[in-house]
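Trainee: Sharing a structure here in structure tokens format.
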Amino acid sequence: MAHSIWHEKIKSFLPEHYYGRINHFLDEAYASGLVYPQRENVFKALQVTPLEETKVLILGQDPYHGPKQAQGISFSVPEEISAPPSLINILKELADDIGPRDHHDLSTWASQGVLLLNACLTVPAGQANGHAGLIWEPFTDAVIKVLNEKDSPVVFILWGAYARKKKAFITNPKHHIIESPHPSPLSSYRGFFGSKPFSRTNAMLEKEGMIGIDWLQ
């Protein structure tokens, strides 16, 4: 289901047989209609960013619900797909903060230790938040709790009110939190623009003796 170390750690924060419930949910959801991302990519965020390499978390809400957008990592879309509004604003803030990045696929961030996690890992086509409140939040809350237990520092980037509620799970004083309004067009001008999350993250990592993220890669 997921990277094995992730799997063992996450399981300790969930009720017994919860993974079985997730599999049953996925069987029913994918059998009953079009769901994003493709099933093999539901746990991609955990597969491409191993726990031992994770040093940044960017928490999204749920996958993009349009055709060919969702990849299994938050905010990212395939290179040939136009950037959705939130990603446009993320790249605009990145350009103002560090420099321009022309591509929309954020997989290179994931390979550097940036866990691009959505709180809800699936969505019905065309129905934003259509799977919210059903199965995923205990699982992804467990991911945050696992990261909170890490001995090495993690920078948690929390955009928007929904993500900021997850601060309750981040109690380890070794970690850092960067929070701001969400990059969506509805809230980006309320404090997301100008928040400089990318340079601030690297400053925090480098202060801890860790290698910063090449956000432009």
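Yeah, the Cβs are placed from backbone N, Cα and C, and that goes for glycine too.
For Asp62, the entry in Swiss-Prot reads active site, proton acceptor, with the evidence type sequence analysis.
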Trainee: Sequence gap of 6 or more, C-beta under 8 Å: which same-chain residues meet both conditions with respect to the residue listed as 'active site, proton acceptor'?
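Mentor: Result: Asn118, Ala119, Cys120, Leu121, Thr122, Val123, Ala128, Asn129, Gly130, His131, Ala132.
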Trainee: Give the three-state DSSP assignment (helix, strand or coil) for the residue listed as 'active site, proton acceptor'.
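Mentor: Going by the DSSP assignment, the residue listed as 'active site, proton acceptor' belongs to neither helix nor strand, so it counts as coil.
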